[in-house]
Structure formats: structure tokens, C-alpha cells
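*Asks:* Below you will find the structure I want to go over with you.
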Amino acid sequence: MQRASTARGAAGSGAVLLLVFASVAVLPGAAGGGGRKMALGGEARGVARYSNKGANVEAAPPPRRAPATPAAGSPAQFRGQARLPRFAAPRRYELRLRPDLVSCIFTGAAAVTVAVSAPTRFLVLNAADLTVDRASIRFRDLAPREVAFFADDEILVLGFANNLPLGEGVLSMKFNGTLNDQMRGFYRSKYHYKGQVKNMAVTQFESVDARRCFPCWDEPAFKAKFKLTLEVPPGMVALSNMPIANQTVTGPIKTISYQESPLMSTYLVAIVVGLLDYIEGVTLEGTKVRVYTQVGKSNQGKFALDVGVKSLHLYKDYFGTPYPLPKLDMVAIPDFAAGAMENYGLVTYREVALLFDEGSSAESSKQNIAITVAHELAHQWFGNLVTMEWWTHLWLNEGFATWVSHLAVDSFFPQWNIWTQFLDDTTAGLKLDSLEESHPIEVEIHHASEVDEIFDAISYDKGASVIRMLQNYLGAERFQKALASYIQKFAYSNAKTEDLWAVLEEKSGEPIKNLMTTWTKQQGYPVVNAKLNGNYLELEQAQFFSDGSPGPGMWILPVTAGCGSYDTQKKLLLKGKSDRLDIRDIAAWCGNQEKRGNFWIKLNINQTGFYRVQYDEKLATALQTALQSKKLSLMDKIGIVEDSHALSMACKQTLTSLLRLLYAYREEADYSVLSHINTVSLSVAKISVDATPGLVGDIKQLLVKLLLSPSIKLGWDPKNNENHLDALLRPVLLVALVKLGHDKTINEGVRRFGIFVHDRNTSLLPPDTRKAAYLAAMQNVTTSYRSAYNDLLKVYRESDEAEEKGRVLSTLCHCKDKNIVLESLNLLFTDEVRSQDAYYVLQGLDVEMRETAWLWLKGNWDRITKKYGGTQQGGFIRYVLTLFASNEKAAEFSRFFATRKKPEFERTLKQSLENVRVNARWIQGIRSEPRLAQTVQELLHRP
């Protein structure tokens, strides 16, 4: 699944319902979801706890399981378990579903072949937000004596009078539910067709929401085959994982039966029903690939289709295994919580993640689509064919898909320099993993409500980065061959992290398990302190935290070092706390004091390792000289500035030294490097508001000075035959200059926006530069002077392009008038803004309006909970709270949320509070710097 900045829906109710000899089992729904609730006790399990200081603190206990062979007792014995019991498992599901797109309900019937492997009188499976017809439940023609539903655990327990026969039998039942508006389970998405609002029926089952469509064993390890039948109106397109086997039309109902699937997990089952167009292509191997869209938008799927066809072919060769299914469909969904979802043979996407229109899409969208499509199709092997055994091993899905998607896109578009851009992912992983409230890559999951929060920068970005580190350590060819063996060995089954290490170790002959366990079973990463002592480079590792505190973590660390050039590199496996390198065997002149002009040492060559480096003053000065002399690679330029930024935040370096380093990049022209310079610059500008209010204007001027030259060179207008990276860089620089208050850029943006308002087809404001112009237009908006705001709302309301709507929403809160900001935030409670798009509005919030945003959040929390709920609330928390930087505010936030916590966003809340405190500490460090003001003036007035 590809992440989005918004997450999925509301948690289930806390009720427990026990029905014995009742005609109907009513399963309580989510808050606001319409199910009958009975407060008969039961509380959700607490969230998992992790060591805050590395691996040397007692780890969280393993998740509890139900008894293996309970022959007696009550249904309540299965409560409070992380996982379902293993005494019975599904082998095959035969499902029949009829969604009603008018009343937004669905009915269903299931016949599940279940293998009973140990003495028991119970069957325990998952169900939520469903009404099950108790009278319809049968197993081998036996009716259950007890039917119990435990809402906190989302389990349905069927108790029979006697032990069930061993072997296979069929469990059958009928049920119904609601096509909800929460973008999870079986839900409705709205779209326009010929001037009317229509409903589309869509599924989103990852991570634990198949149970909201049909009762099932809703865990990755319970793989089974699926035979699906849908009953839909004749005019509708109805898609599922497999091709259609046969279909008939009887009156107002079209009955479609699909081919039986191979073994797969429940979270990969998928259904889409609606009015759709498509375009198609065929791979070299003969697999039919289609892109489905709303009617009239199919041409926008051409780019994604091309990437999809190429990806299937590339992965077939790379993994040494053909694509397992007879077809692949990719569908653009108007309402979609994630970025995309890798359902087997039926991949679903947000429209912005799949559709590219030459006239209205930005160049960055093309790259995002390529990465997203390559990511989801990689899952057809890593995730679908070979599936993690439990959510603890989620990174096997997401880390590998993130890493290999870059490999694919680099093959298709080498001119994009995508591996340099991959450092965006590495940086995101490093940033999150420097918090005490991070978590290990292999994270224990104790309750279903915890799963969604680990779809984060640890599972994706850190996971992908340690894979890149391992590939670099083993070599590309050895690594690829071992991966192919792993896929072949575990095809159609499940695997754990240790299974991957075992195959890699067997095929490479290297001690992979010992090496990689230090990276996946403990949170965090090291900073390597490098000091030159004669002919030796002394290295010492220590766990890095953003708050500057020490940690006990220790890693087996693949260290690379270059000296004076990239021709010769030294490799070292740092197994203890410290070691040293003899630099004379890298290049003889490194130790020659007469050749200081060529002297520099760089650790972590091309940033292949997941760690930071802090150099002593001599080494840092030499590196800065090499940087200014353009002797360093693009990746190393990025690594140096990102490490310096992190060390400054942790008060291990000064902001003064960071600004001097930033100034050394003043002649930089590369997109990837400048993108990171831009991010660091905006971070510095933001912290300066609180740290040095009297100096913030000068600091912003200095940062403008760094970014203005490349922006002037690129201008506002795209050039003929312009390369992809320049097209990406232009809007990055323009947006930054507007945010930093550069008057000329703002005035030009306002001018172009004024022309655009009257002529939407003007060449003066193509999609790439619109956000900068929209932000510029919002600079002077007030309650009494709101014409630009009204114009932007009109652009939003008249556009039918998801990308353009998101672009407008992301600028509406970027103004200095609190009434306008409140009006924009309140749009989130209207039907004008899709729930999936709330984060666009929130990410536009500025530091100057943070108190307004916090008061709004606090005053509207109940409304936010009702509409967004669950993990999606985490986005509201993150975007608002992290605008602040004081311990007093962190304490205020803690008091407010003390009685409002939910497992679905508890980790996000803790991380947000920690970020507030980290920034508060950074502010104190900055205020104690004696030469900051002098340095700013010196750099500002240099020619």
C-alpha cells in the first residue's frame, strides 16, 4: 500500500454482544456507523509499548494468542488476544455479494471451507460492522449453540454443543452491512456522471477491514482461495481480483462469477462497482493490463498504463518468477484513504496517484505516478505472492516495494536520477527514527487497532533504506539472485523476517542475520563520530536522538569511506562501539601533510548506510572546501547538509555552523540537492520565529539569497525541451521564495494569478507554478479584502481534477487573517472537501496561525472524531501540534488529550509531542549562540 498523508477511518465501538439462541446476531458498528450497541463491558487492548532508548531495555511482551485446543469453556476465553486461534483455518471462500448503490447497503452469503486440526467445539473468526443472520449459520449442517460477538476484539465466536469433527467442513452464513463513508471495508465513493452524483462501491481491506465486508479469518497468515460472485445492476462495471468466468442478466440484476483465485490473504481481496471507462495494454508475456477511470478520463491513464506494463515485465525478470495472475487492472477511485492499494490483480489508487493529464498535471505528478505504480506492482510479488506472516513483518511488504520501485523507475527513466531522489525517503526514515517514540522495523502488534499506525516512515523509508544498505554490502548481483530464491521458496505462502535472512545468508555466505537483526529488532540508528588522528581515522558510534540525549543502542554497521576521490573506497564492518581505519591504504597522499589542498575524507559514501556522521572540525572544514570545489557527489552533498541539520536540532552543532554550511551551497543547481537545501532552509526559518524573533527577517533574507539565483535562472515559464529535473525544481524554489517573503516573487505570482483568474488557459500559469502563484495571492488576503480567496474557491469548485483541487486546498490557510484560516478549516466539515483531502488544508497552516489552528482543533475535536475518527485524526494532531515549539504547549496538549486518547493515533500523538519538545530544546540552544547574529550579517553582506 502506498501511504497518503491521511489515514483510514473510525474505530469500532467498545460494546460486547453475546447472543445465545437468537434469530439474528447484530454486530455493533463503528461510532456513527449505525449498528446496535449494548454496553456490556469490555475495553480495547492497550497499544504496544517499546523501549525509548534502544535495545538494552526490556522489549515489549509478545502478543497473546488464544489457547491452541480449547474443547470447553465459554466464548469469552478468546477475548483480549492479538491473534485468532490456530485450531481451525480457512481453505476456500465462496462469496456472493449484492451491493445496492442507491440505498448504500449490501447483502452477502459466505460458504467457507474450514479445516479443523485440533479438538475444539468453537470456531473463532473476525467480523465487524455486519449483521449476521444467526439462523443461517451452519458448519457441517450443525447449528451453533452460542453466537458471541466481542466488538473490542472484532471477533465472532461460534460455540457448538460438542467437539467438531477433524478435517474439512463448510461454514455457511448470511449477512448484511452498510456501504460506509469511512473509506475502509466495503464503502461508497461518490463521483459525477452527466451532472448527477453517483455512488461507486469500493473495497479497502488492508490492514484489518475485510471483516467489515464478510466474516473471515482476517489475518495475513490465513491464506485461502476465493471464488466470488457479484450481483449488480446491468449497466455497471464490476471488477474483482480475477477475470470473469461467466455472467448472466436476469431483469434488473447482472450476476457475475469470477475465476477462483490462487491462495491469498483476506486483505488483498478487492471489489469495484461503478460506471467506468478503460484503456488497455498487453505485456510481452501476454498479460492484459487495464487502467479504469471515471467515464471520460481514460486517456489520463496512458502514462500509468505504460509504467504498469513495463513494471510487470521487469519484475518477472528481476524476481525470476512470472506475474502469477491472468490479468491486472488498475482503478482510479475518487475517494481513497491511502495513496494506492496493491490488491491482487485489482490495484486501486487515488486519482492523483494514477491519472496524468498533459494540460493540467504538474511534472512532479508524472514522477509520483511512476513511483506509485511501480510500488504497487512490486507488491504482486513482495506482499501478494509472498506475504508477511504477521503485521510485525509489514516492512517485508512496504520496505521492499519502496526500494524496488526506485529500481524500476530508474530503469525506465534514467534521466530522472531517481536514486539520488531516494534520499528523500532515507531522510524521512532518519527523522522519525531519531525520536524516542519511534519503533523497531519489526514491531510487535497487540491489537488490530494498532496496525494502521505502523504504515509509516519506519516500515517504508527506513525499511527501504536498510535494504539499500544491505544490497550495497552484498553487491547487486548476489542480492538479486538471493531475492529471487526467496520469492520462489515462499511463493503462495507466508514468511517472516528471519526467513529472508536465512535465504540471503545461504545464498551469499555472509552472516546476514547477525548483521541485520541489529537494524530490524531495535529502534533507532547510530551517529558515527569521526576524528582524524595521524594516519588513522578514529570512529565511534552512539545512538542518535533528536533531543541530544544518549542511548545504549549498538549496531553492526557497514561503514564506507573515501579519501580525496571516489576512485578508492575503504569498507569496514563496525561491530563494536569504536574502531579505526588506516587511511594510508586508501590513498597514500591522504596522510601527506604537503597535499592538504586535495585532502578530504567522506564517510557513508553516497549515503548507502542508514546512519549519520559527525566530523571533527578539521574533517568538516576539509569537506566544506571539497563541497565548494564541486568534488563531492550529489548524494554526499545531500548527506552532509541533512546530517548537519539533524545535529543542529540535537544541539550537537550550532545553527551558526549550519548557516555557514548552507552558504557553501550557494552555487548549487541540481534539483535533488536544492530540494534538500530548500527543506532545511524552511526549517531554519520556522524555528527562527521563536528562537530569534529579532533576527528572523535577516535569516529569511539570507535564505532567499541562497535560493534566488537558481530560481532566476529557471524563471516562471517552462522552456522548450526542458529536462525533467529542471521542471521539478522550478516550483520548489518559487514556493520557497514566496514562503520566505521575497517581494518580487510574490508580486509576480499575484500578477500571473490575476491573469489566470480571467483566462484559465493562459500559458503564464501552467500547472507546475500554480501553487506558488496561489500562495502569493493568499499573502494579502483579509476578511475585508478577500477577492483572491474567493477566486481560489471558485477555481476549486469549478475544477474536476483531483490534482488541481488539492493544489488549491493546500494554499487556503496560508494567510495572516485568522477569520480566513478558520473559514478554510471549517470547510473540512462540509461536503465540499472529500475526507481524503483534509490533509491538504492542514498542511497549508503556517506558524503565525498556529494558535488559531490549535483553538479550532480543541473546540472542534468531537466533530473531527465523528467525521474523521481513528488514525485519520492523527493527521490533525500532527499538522497542528508540530507548529509549536515550547514545553508549556506540549504540557497543554498532553492535558487535553489525556482523556481523548485512542490506540489508533496514540503513537502519532506521542511523536508529535516529542517533536514539540525537541524544537523547544533547539530554541534554547540557538539562543545561547554568541556569534549567530554576526554570522548572519556577515553572510548576508558577502558579494
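Every residue, even glycine, has its Cβ placed from backbone N, Cα and C.
Under the heading signal peptide, TrEMBL lists 1-32. Look at TrEMBL and you will find 54-79 tagged as region 'Disordered'. For 66-76, the entry in TrEMBL reads compositional bias 'Low complexity'. Taken from TrEMBL, the feature domain 'Aminopeptidase N-like N-terminal' applies to 90-268. Taken from TrEMBL, the feature domain 'Peptidase M1 membrane alanine aminopeptidase' applies to 303-519. Here TrEMBL flags His375, His379, Glu398 as Zn(2+) binding site. What TrEMBL records for Glu376 is active site, proton acceptor. Look at TrEMBL and you will find Tyr460 tagged as site 'Transition state stabilizer'. Annotation comment: TrEMBL describes 600-917 as domain 'ERAP1-like C-terminal'.
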*Asks:* Under DSSP, is His379 (Zn(2+) binding site) helix, strand or coil?
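*Replies:* It is coil.
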*Asks:* Give the helix, strand or coil assignment DSSP yields for Tyr460 (site 'Transition state stabilizer').
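*Replies:* It is helical.
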*Asks:* Would you kindly give the Cα-Cα distance separating Tyr460 (site 'Transition state stabilizer') and the residue listed as 'active site, proton acceptor', rounded to the nearest Å?
*Replies:* 13
*Asks:* Over the domain 'Aminopeptidase N-like N-terminal' (90-268), what is the model's mean pLDDT?
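*Replies:* A mean pLDDT of 98 is what the model gives the domain 'Aminopeptidase N-like N-terminal' (90-268).
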*Asks:* Checking your reading of the structure: which of the binding-site residues His375, His379, Glu398 lie inside a 10 Å Cα sphere centred on Tyr460 (site 'Transition state stabilizer')?
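*Replies:* Within 10 Å Cα-Cα: Glu398.
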*Asks:* Around the Cβ of Glu398 (Zn(2+) binding site), how many other Cβ atoms lie within 10 Å? Please give the count over every shown protein chain.
*Replies:* 27
*Asks:* Counting across all protein chains present, how many other Cβ atoms fall within 10 Å of the Cβ of Tyr460 (site 'Transition state stabilizer')?
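*Replies:* Neighbour count, Cβ to Cβ under the 10 Å cut-off: 26.
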*Asks:* Please identify, from the binding-site residues His375, His379, the residue with the sparsest Cβ neighbourhood, meaning fewest other Cβ atoms within 10 angstroms.
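*Replies:* Each of the binding-site residues His375, His379 was scored by Cβ atoms within 10 Å; lowest is His379.
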*Asks:* Starting from the Cβ centroid of His375, His379, Glu398, the recorded Zn(2+) site, name every other residue in that chain with its Cβ within 8 Å, sequence order please.
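*Replies:* Everything else in range on the chain: Met1, Gln2, Glu342, Glu376, Ala378, Phe382, Gly383, Asn397, Phe400, Ala401, Thr402, Ser405, Tyr460.
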